[in-house]
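Some features that TrEMBL has for this protein:
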type	residues	note
REGION	64-163	region 'Disordered'
COMPBIAS	84-117	compositional bias 'Basic and acidic residues'
COMPBIAS	132-148	compositional bias 'Gly residues'
REGION	294-318	region 'Disordered'
COMPBIAS	299-311	compositional bias 'Basic and acidic residues'
BINDING	Gly597, Pro598, Pro599, Gly600, Val601, Gly602, Lys603, Thr604	ATP binding site
REGION	817-843	region 'Disordered'
COMPBIAS	817-836	compositional bias 'Basic and acidic residues'
DOMAIN	885-1071	domain 'Lon proteolytic'
Amino acid sequence: MLYGQNLPWRAALQQAARSGSSLTRYTASSSSTLYRAYSISLTRRPTRLARCGNQFYASINSRSFSTSLSRRKEKPSKPTQDSQEPREEQSNEPREESKEPRDVECEAEGLEAKSKAPEPIPSSKSSDGRGTSSGGSGGESGAGGSDGSGKKRKTADRSLTKPTIPEVYPQVMAIPIGKRPLFPGFYKAITIKNKEVAAAINEMMKRGQPYIGAFLLKDDEADKDTIESMDDVYNVGTFCQITSAFPVSQGDDSAMTAVLYPHRRIKMSSLIAPNCSDTDDVAGKDETTAVEATLGESATREPESDEKKGDVVASFEENTTESQKPVYYYEPTSFLRDRPVSIVNVENLVEEPLDKKSLTTRALVSEIVNTFKEVASLNPLFRDQISTFSMSQNAGNVGEDPGKLADFAAAVAQADSNELQEALESMNIEDRLSKALLVLKKELMNAQLQSKIVKDVESKIQKKQREYWLMEQMKGIKRELGLESDGKDKLLEKFKEKANKLSMPEAVKKVFDEEINKLAHLEPAASEFNVTRNYLDWLTQLPWGQRSAENFGIQHAMKVLDEDHYGLKDVKDRILEFIAVGKLRGTVEGKILCMVGPPGVGKTSIGKSIARALNRQYYRFSVGGLSDVAEIKGHRRTYVGALPGRIIQALKKCQTENPLVLIDEIDKIGRGHNGDPASALLELLDPEQNNSFLDHYMDVPVDLSKVLFVCTANMTDTIPRPLLDRMEMIELSGYVADEKMAIAEKYLAPAAKELSGLNEVDVELTKEAIVELINKYCRESGVRNLKKQIEKVYRKSALKIIQDLGEEVLSEEKALTEEGKVAQDEAEKDKTDVKETPPNIENETTEKPRIALKVPDSVHVRINKDNLQDYVGPPVFTSDRLYDTTPSGVAMGLAWTQMGGAALYVESILENTLSYSSRPGLERTGNLKAVMKESALIAYSFAKGVLAREFPKNRFFEHARIHLHCPEGAVQKDGPSAGITMATSLLSLALDTPLDPTIAMTGELTVTGKVLRIGGLREKTVAARRAGAKMVIFPDDNLSDWLELPENIKEGIKGRPVRWYSDVFTEVFPNLDREAANSLWEKELKKQKSIKEEGRAIADLDGEEAEEEER
């Protein structure tokens, strides 16, 4: 927009050319409003009315008057505001200069003193007697009023004025602004979320007083619409006019968007809390009108000099002493006092004088302009903003107003809030230019970096596009020349090439050809294309006809097995037999082995040793808890994300037809709604069927007969019988103390020492300490717990060495590598939470951050039996057996558990005193299950029969109430093998004869006294030796099992096979006095019998006396 089009006199001429009727209505309304206001004012001041009545009527009859403050005439100043500033055509009470009747040209001349700015918003309620603009803006009154004769004045005599922004506005509503301050002359849209603040803005807009103070929050993260304390904001802000306000969303009044136009800088002097009065206010005063406020200001000003008498002011006060009386000032924000909003007292800030001829100022302006040019060349958005700003300057030269240029630079640049606030607070133009140049230079650097990034990205994209275009051209040329085919043809060739290297069976070859032909006729975009491609990929990745060279050397196998395991002679012999057959036949097809034993005895590791001995590929997967048949048989190809079963995946991984597949925890396989996996294993583990195993995904027969399957289980009770029948069982019993000792010395201790970093340190774990660990800490069948305890000993030793030597000898500086030190420094700079991955994690990591530290040779640590408790704590088991000397009724039996064998004691006691009148009974406790409860009843009946047959005078069971208990009630107990132990316990109580505590027994008992076969004799023998037994009584049917036991297990233990319980009775009661046992309870029972006979004799005597009396 050209400068001349915005001149105030031209605006005045344009305003004069508007419709006269509108102006007549407006001025008439204004005149009547002022008349009412004056009437109210004069009513409140009767004394003053008497003095100046003539002046009052003279003013009413005058052509034009104004209530604005008197001012001296000024030369027209050049407008500096943007051409796009909001403008209002009319205002209910606009401000004008009081003057004598003049023509339009003269009136327009006075308008040139007004600065160009957005016009005040007219009030919708002009008749309420309040100011519509501010305390500093007066009201406009046209010449539409009537004189005493009622004659209307001419339109040409009307005074044309342009509303202006109040120059003085001492009290405003304050709104805190976040992130960036507002600079004069540049619009800013804010969002108001506080309902009370939004309502106050609406009220201000209705009253025609849309002025607020905008102050920057010190906390950039804060978001609020009221100021609670002056410390929350900077005290320098801007005086802003609300040009428009509207709700954020239609129908929602909770949030408002307000467009602000800052006019000048202001400084906050004090904060008025909501619902409170200013300290300068006088409580109890009536609210005054806008006219009264204006009159008060005029009255309190000093007499004007001759230079200020150019304008005529409508003042009705005479220059008397009464004019110095206190007057009531109008507060433009008084209607906001009842609202919870922030009201502040402010004062205008005046810029320091500027010497435009200063070389420093010119240099700063020139540098800012040059920087703007550089930024505009890099950032199109800046280019548009600079263009708009340049057009808004009146003379077309941005250097004429350096302050405005500095404000523009700070307003558009991206910088920290404190830097922008410093530019706002600077009233020295040179200082403001320097600070604006600083933030603008930062913006230039940001734009240059952004431009560099954009150019790099564009160059890479162009390079990729060029390469892609050239490659497509090359492909097209080769395709035309027949040198290369498209992607699908290349894929087909790859599949055919892989199939030619395999020895596919005929059935598989036929399916492969069909799928290849199908893929050739499918479009790559079709969904079936990916399904067929994945199927062909699996089909060509299986090792059809590919086998690894096996090693059937017996010596090699023995060496490998001895390196990995100690003892287990029967297991190793069975494996060597298996290998010998393979050596003679050339293959070991059709074998499924199942290792059964307690945890920690080395079942899984034996499977790995077999694979190493045979030079076969090893693959392990666990079926514990498996409940989906698809894990074994695979998914149908129609399902999304379908995969073959685990066996097909094993063949793909091993790339051989004869791997060793270890199926772990086969006794814990589950069953769910997706089928029974145990039944699916029947086909897999059957040597007669697995030569044509059919996977649901592959849908072609796969030969698994060359795969060696090894399964592991803790027990066979939960394995389905058909599945158990297909496997060859190899039982692994627990280790005895000697075997544990050898395993600890040969395998566990060296491995734990190296794992603890003490491989080159003199740390000795003596044999006595290992024996103490085995006897008092680790009595289980396996060696897993023993391994944990030995590792704990070495860990404690490492801690003790470091604590004794101190951190100075083994410092962190020596352990860290150069890369590790750099990574540690970066990690120390990172203050993020450990739960979150830092963004620069690559700087905090390295491939080898530390090295092992060498312990001095002077360190010597020896762990023996005496100081073992310092490393592993107090012993868990304090004695070898529960009873050192067993009382009558206590017998030691043997039980088999999943953890191996255990000593099971049976205790029997009398519940009541034995007497002739007591009744017999049997109570059983100890968490006994159904089979064991039946065994207790059988033993009770059998014991009564033995006592009645062998000791007829011993009537113990006829009158004794017995309680039979098995200790460790938290452990469930079941099985028939405790029959002879229960019978022995009951007979020991009946005969009142203690048993030898070193005798252990096991065997099922019938009611006739026959001792039947039991299982787990090896584990039970190990448990008996651990409990300190010297004799083990077992069924004669288990004699073959006893003979197969290793000598180290049977060493020191006498085995006594029995067929009938009479043999057991002879062993446990070798020196029994039968006569004493026959008459053992005769005294107790006889005493009870004599008392009864005496009672009967007395009764008979009484009867005889009665008969005599009757006679």
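Here the Cβ of each residue, glycine as well, is placed from N, Cα and C on the backbone.
Feature annotations (TrEMBL) mapped to structure.
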residue: Gly597; record: ATP binding site; Cβ neighbours (10 Å): 26
residue: Pro598; record: ATP binding site; Cβ neighbours (10 Å): 23
residue: Pro599; record: ATP binding site; Cβ neighbours (10 Å): 15
residue: Gly600; record: ATP binding site; Cβ neighbours (10 Å): 19
residue: Val601; record: ATP binding site; Cβ neighbours (10 Å): 28
residue: Gly602; record: ATP binding site; Cβ neighbours (10 Å): 24
residue: Lys603; record: ATP binding site; Cβ neighbours (10 Å): 25
residue: Thr604; record: ATP binding site; Cβ neighbours (10 Å): 16
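The DSSP breakdown of the region 'Disordered' (817-843) into helical (H, G, I), extended (E, B) and coil residues amounts to 15 helix, 0 strand, 12 coil. Other than Gly597, Pro598, Pro599, Gly600, Val601, Gly602, Lys603, Thr604, the residues of this chain whose Cβ falls within 8 Å of the Cβ centroid of the ATP site are, in sequence order, Met595, Thr712, Asn714, Leu732, Gly782, Arg784. Confidence in the domain 'Lon proteolytic' (885-1071), given as mean pLDDT, stands at 90.
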